[in-house]
Amino acid sequence: MKNIVIIGDSGHAKVIVDIVDAHPDMRVYAKLDDKYDSQFIEDGIIKAPISNIESLFNQDATLKVILGIGMNAIREKIIMTYDLSSEVFVSLIHPSAVVSPSARLGVGTVVMPNVTINADSLIGDHVILNTGCVVEHDCVVGNFVHISPLAVITGGVHVGEGSHIGAGASVIPGVQIGKWSTVGAGATVITTIGDRETAVGNPARVIKREG
Ligand SMILES: CC(C)(COP(=O)(O)OP(=O)(O)OC[C@H]1O[C@@H](n2cnc3c(N)ncnc32)[C@H](O)[C@@H]1OP(=O)(O)O)[C@@H](O)C(=O)NCCC(=O)NCCS
């Protein structure tokens, strides 16, 4: 049995719990969140501030960790703050997801129900592929990206580190999306989006550029 520690205990973590529960060889062992001041047990699950992670590993070095936080920048901050080796992270794939045998997934990535990842796509670390999204063939998805429910990135699209593709958005083949950018819900992206830009609409237009 793999004991899973979820970092984060809000909405996104609830969906992660369902994915863990869909695997008979895994169980949720602890949920760590800085909304908790001290450690306690609720319904058989340890709840504690994130800084308790070290003491949990001292008790059980076989624990596996997943980041249950939807905000890309906060997932990155947790990785920068806590000195956890990449081997402690588990990737979670819901049994209903379809993942090509030639696709590659990094560590700590979550693949939610009804996701499709097609041939030769490369998915980075601590990525969220949210419910029902499609990553077509030959895509490259950077670390800490979140592709929201029902979004479609078509063949050969590159999504840079930390970017967020909104719910139901579409990106046409071969388009590049920069780092830490945002594509609004329902957008249709037909041209390159730069780093730290926000684009919305059909066709998508940049409405914000951050330095
Ligand atoms: C794109 C987005 C991040 C912009 O948020 P924001 O920076 O707070 O921007 P604002 O709400 O101030 O909107 C700025 C303008 O863009 C428009 N706009 C915002 N989101 C839009 C969208 N998805 N499609 C079309 N227009 C949009 C607003 O109407 C507004 O237009 P105006 O200046 O003419 O009034 C947000 O609206 C969005 O779509 N987020 C995706 C959420 C999502 O899919 N989450 C999934 C979680 S699982």
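Note that Cβ sites are derived from N, Cα and C of the backbone, with glycine treated the same way.
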> Given that TrEMBL lists Ser10, Gly11, His12 as binding substrate, which residue among Gly44, Gly70 does it place in the same site?
Replying inline: Gly70
> At the level of the C-alpha atoms, what whole-angstrom distance separates Gly70 (substrate binding site) and Asp138 (site 'Increases basicity of active site His')?
Replying inline: 25
> Least buried of the binding-site residues Gly11, Gly70, going by other Cβ atoms within 10 Å?
Replying inline: Gly11
>> Within the domain 'PglD N-terminal' (3-80), count helix residues (DSSP H, G, I), strand residues (E, B) and coil residues, in that order.
In response: 30 helix, 23 strand, 25 coil
>> Using the alpha carbons only, what distance in Å do you get between His146 (acetyl-CoA binding site) and His12 (substrate binding site) once rounded?
In response: 12
